[in-house]
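Just below is one structure, and these are the notes that go with it.
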Amino acid sequence: MTTQVPPSALLPLNPEQLARLQAATTDLTPTQLAWVSGYFWGVLNQQPVALAVTPAPAAEMPGITIISASQTGNARRVAEALRDDLLAAKLNVKLVNAGDYKFKQIASEKLLIVVTSTQGEGEPPEEAVALHKFLFSKKAPKLENTAFAVFSLGDSSYEFFCQSGKDFDSKLAELGGERLLDRVDSDVEYQAAASEWRARVVDALKSRAPVAAPSQSVATGAVNEIHTSPYSKDAPLVASLSVNQKITGRNSEKDVRHIEIDLGDSGLRYQPGDALGVWYQNDPALVKELVELLWLTGDEPVTVEGKTLPLNEALQWHFELTVNTANIVENYATLTRSETLLPLVGDKAKLQHYAATTLIVDMVRFSPAQLDAEALINLLRPLTPRLYSIASSQAEVENEVHVTVGVVRYDVEGRARAGGASSFLADRVEEEGEVRVFIEHNDNFRLPANLETPVIMIGPGTGIAPFRAFMQQRAADEAPGKNWLFFGNPHFTEDFLYQVEWQRYVKEGVLTRIDLAWSRDQKEKVYVQDKLREQGAELWRWINDGAHIYVCGDANRMAKDVEQALLEVIAEFGGMDTEAADEFLSELRVERRYQRDVY
């Protein structure tokens, strides 16, 4: 059933209020809408609602604040599980996303728990950048009355493993905070470490925070996000791939695919800005090559999560083969006594470099050894899903979800190598074939609720994906706000992703401006950050008019270069020094007017 929106003249809300209401309720289920309706009825009639009970004074019961700083959702899931544990222990707890935390109140926190991941080259998650910057600034307060604990999630295949957690932990201590527990740094397989840490936190806090009354334990932040979808990272939807289209030219150095996935009647919902999680299977040819290099058959039985499987099946479905790590290299060297690899052990930088440049199968090829099947399995990490920025809006595509996939391809001594998930989608799933997917919601990359707000989108390469979703949504909403796109890639003729669609949006007036940077079409390389500087005066006018700025793409280089260009534009045309420009951009971030989806 479709609910018709009544004419605006009959509504007691102005257009801006209506837009905010629609944005806040667009992804709610009927059950959630019913609860919201009852909540507002209770407010109107001054009746108590289950989640609006007044907590006891802080003097009687010190509150526990959990700050969740998540990039891919894992840190948020750990924080939510801890909140539930503390509520079950009848403790007064509040869970807040780092992007929503009013960080100036940190001085009044008595019991503070931080759960954080790390992105890029050791940076905090996007939603925690402002808090991180505040704590490391001269404005950070003393925290002598604060006890804290930090749980850090990371990936040991990266050089700056768990750096964000290390930063928060050391800075909170430096500001005078008392450690409740030593920091825990967890790898990709974080679940066991998180479970143990949560139990220790609950035990530590029981002695610090008196037990809350039943009404208090319900009232103090038990609600953060309510997900009623039956599909999740651990229980994905089995959908079907309906379109796999190469959208770069035949002479392009890049292989970029437009992928469409049919969600059927699953009811799975997403918003522009969300990501699609994809569970993939390793290439059977890669599995066969690795097994044969180790003088195994692939039929050997191995144990995976309590189940006995043939080695080939375990490697294809359950273990990471396309990402090597320093730990794997070190363990393989020690296990096999490899003369080639043992000299690397103890040298973190060399181990990291070798792992970053050498696939597991090539490590085995270059340093051959014989391992039994269980030893191989124990060496590897569990397979994890890959996240892709969603390139569609359900306002246009309904029961579909689109993604833009840059396929990773390269050669090693004449042998073709490819990325695990990208080659799975591009090469190994037939049309109408099955794909296991889930939605990773990202409330830190959202279109403005006010449809009149101007939007500036900066997305070179596959970073264009969410802005296709943005434009579909803005067109469907008939949003009067202006839209400006900055896009870049090597060549105009080969790499202009979704060219016809952008031209149509310009013709229809949906896309107000488009600035393009082709880095290889002339002698001097030109990137999107150069276009930002070139259009600095107009860019500053848009910012002064309230524009929201969005950046999507590579975290390590592009995002940093774009941010530097924005700072230069703000300083030059806003008449500010470097420090003031940095403060101005930080304020835009806090106001959700500067949002990034970087990876």
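Using N, Cα and C of the backbone, Cβ positions are placed for all residues, glycine too.
For the recorded site, Gly73 (FMN binding site), the DSSP three-state label reads coil. Shown in sequence order, Lys233, Glu440, His441 are the residues of the chain, 6+ apart in sequence, with a C-beta less than 8 angstroms from the C-beta of Gly73 (FMN binding site). Annotation source Swiss-Prot lists FMN binding site at 70-75, 117-120, 153-162, citing sequence analysis.
Secondary structure at Gly419 (FAD binding site), as computed by DSSP, is coil. Here the Cβ of Gly419 (FAD binding site) has 19 other Cβ atoms within 10 Å, regardless of which shown protein chain they belong to. What Swiss-Prot records for Thr322, Ala356, 386-389, 404-406, Tyr410, 419-422, Tyr599 is FAD binding site, and it gives sequence analysis as the kind of evidence.
Cβ neighbours within 10 Å of Tyr527 (NADP(+) binding site), excluding its own Cβ and spanning all shown chains: 19. The NADP(+) binding site annotation in Swiss-Prot covers Ser519, Arg520, Lys525, Val526, Tyr527, Val528, Gln529, Asp561 and is backed by sequence analysis.
Averaged across the domain 'Flavodoxin-like' (64-202), the predicted model reaches a pLDDT of 94. Under the heading domain 'Flavodoxin-like', Swiss-Prot lists 64-202, citing sequence analysis as support.
Among the features that Swiss-Prot reports, domain 'FAD-binding FR-type' is placed at 234-448.
With all protein chains in the displayed structure included, the most crowded Cβ environment within 10 Å among the binding-site residues Tyr158, Phe161, Tyr388, Tyr599 is that of Tyr388.
Neighbour density around each Cβ, counted as other Cβ atoms within 10 Å, peaks among the binding-site residues Ser117, Thr322, Thr404, Gln529 at Ser117. Taking the Cα atom of each, Gln529 (NADP(+) binding site) and Gly406 (FAD binding site) are about 21 angstrom apart. Its Cβ placed at the centre, Asp561 (NADP(+) binding site) has 15 other Cβ atoms within 10 Å. Taking every pair among Ser519, Arg520, Lys525, Val526, Tyr527, Val528, Gln529, Asp561, the residues listed as contacting NADP(+), the largest Cα to Cα separation comes to 18 Å. Within the same chain, the residues at least 6 positions away from Val526 (NADP(+) binding site) whose Cβ sits under 8 Å from its Cβ are Gly488, Ala517, Trp518, Ser519, listed in sequence order. Reported as a whole number, the C-alpha separation between Gly419 (FAD binding site) and Ser70 (FMN binding site) equals 24 Å.
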